[in-house]
Amino acid sequence: MGLTGDSKGQLLSQLAELVKEISGLPECRNSCKKMHGTLVRRIKLLSPLFEELRDGNEESMVKIEEIKGFGLLKSALDSTKKLLQSINEGSKLYQALQKDQVAYKFQQMTETIEAALSEIPYDKLDISEEVREQIELVHAQFRRAKGRPESPDLQLEHDLAIVQKEKDPDPAILKRLSDKLQLRTINDLTKESVALHELVIASGEDPGERIEEMASLLKKLKDFVLTENPEADTSEGEKGLMKHRSPVIPDDFRCPISLELMKDPVIVSTGQTYERSCIQKWLDAGHKTCPKTQQTLLHTALTPNYVLKSLIALWCESNGVELPKKQGTCRSRKAGSSASDCDRTAIIALLEKLANGNSEQQRAAAGELRLLAKRNADNRVCIAEAGAIPLLVELLSSTDPRTQEHAVTALLNLSINDSNKGTIVNAGAIPDIVDVLKNGSTEARENAAATLFSLSVIDENKVAIGAAGAIPALIKLLCEGSPRGKKDAATAIFNLSIYQGNKARAVRAGIVPPLMRLLKDAGGGMVDEALAILAILASHHEGRAAIGQADPIPVLLEVIRTGSPRNRENAAAVLWSLCTSNLEQLKIAKDFGAEEALKDLSETGTDRAKRKAGSILELLQQLEVKEDAVSLSSL
């Protein structure tokens, strides 16, 4: 039984959102980087299919006869998103040691996506030739990848084996391993320590001897980093710990779970010592074994290790090292969980000033919240939870320029947190941010543009922002702003124009002439942005018409001849859209010597640029045949 137009539309929206979420995942920084990046890149290329189908009219949607593949694909992308997130957030050492299992999971995802794509009848879908061409290419990539597993990283395997085996490995090998796993700084190693701790606690099955292997590896890497660069990329707290070139912490002073210096060491029934909060969390998770020895615990009583605690205190005093803070270094503090007590108290006091203070107090409080929201992810969560967002939205209408500036920038910083985006929009912020964009100070306008870009990451917000009249104001900033303001405006316009309705709004608001000016001003630093926006507008019939009226062919061909690979690709995409829809543009391209430039691009460009160049060259050949035929008939 076929799905209704509404249910299909909902499924396509979900697929588009999944692709967007996967595309927006942070870059992978571990041994899975290549597999992660390849899979994300391929999935990202599916986006035009769902965007075009979802934005199409309802009648065309109802005519889709087979929908099985879309349901299968949604399930596959859901699983893929979870896998990619776990790879990003998990322990880098664990993934390196389990590389075969991780590679197998990526291969399974590739096969599942390919199977789903095989169930989608592209020839029956109401999509443009360009989108069909792209999706068929992506499908072919998945088909090839299905039978071609990731080749092993022999150097990584060799280095891991040596570092595990040898007591004092060669520093050159440790350096190579540190670089490969992106564990170069104290901050990196601290995060890895937390990730290992989370792995131990969250594992439904005890990880067993792998824990000891990873603990040993991490300790060797920590000692190497401390020796090589003891103050690299450390927080203020870590700098305090290391201000005397912190000596290597004795193994017996480290908690086997967190690998950090123990403050409150306790003994379990097997005789092993752990930091109290770490082993308590292990026990609270229902584990009945000793994490280090895997022996069953006879009881769960924790006995303070006073002797070791005294030795640690004496060692710290002798070496000028501060004991860990009260909350303990192995306490799990995931990004976005809560702010520190000090910041929380400050936030509550600032909110009181926002709500009830005079204009000077409100200005100062908004400025402080702006800084706190910029500082870290925990603060962004805490500020939102405390109820600051509606108060900041109210201040967007302030008559004091500086207060307005602080308010919109605070909202920009808060919007970095995805869950805060919804809160900001629900507080009715979009019309007020657009008003700041139109009438605020230079800095306020630029930060308003950046805020709209941040909010527009969510698809439904693209519609609301466009409907609120943001696009004409963004175009004005694109024309008048500082270099930074122009960049902010361009990125916002580009993101908004992904939604089909906003393409028409941008064209009707006069976006094409300023984009052409920016494109012709090679020294202005905006050629990349101008071309990217033109490429996306060229997929809309009003966009093609407006671009065609702006005498674009000479400058597009100049970019194809001399531009960067990405710019050559975008210029070719714009030229392709013009030439396939308008015979006059094709003739103009021929007159300006397009053939030579496109032949070079078809050999040296990116894959997409080669396809576009080849397609236009075919059109030029067909045109030449027609012209020859006309010439012969006139004889």
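Counting starts with 1 at the first residue shown.
Backbone N, Cα and C atoms are what each Cβ position is placed from, and that goes for glycine too.
Keep in mind that what you see is a predicted model, and the values were worked out from it rather than measured.
If you check TrEMBL, you get these features:
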DOMAIN    248-322  domain 'U-box'
REPEAT    387-429  repeat 'ARM'
REPEAT    428-470  repeat 'ARM'
REPEAT    469-511  repeat 'ARM'
REPEAT    510-547  repeat 'ARM'
Worksheet item: By DSSP, how many residues in the repeat 'ARM' (510-547) are helix, how many strand, and how many coil?
Response: 30 helix, 0 strand, 8 coil
Worksheet item: How does the domain 'U-box' (248-322) divide up by DSSP, counting helix, then strand, then coil residues?
Response: 26 helix, 12 strand, 37 coil
Worksheet item: According to DSSP, how is the repeat 'ARM' (387-429) divided among helix, strand and coil residues?
Response: 32 helix, 0 strand, 11 coil
Practice prompt. Could you please provide the mean pLDDT value for the repeat 'ARM' (469-511)?
Written response: 91
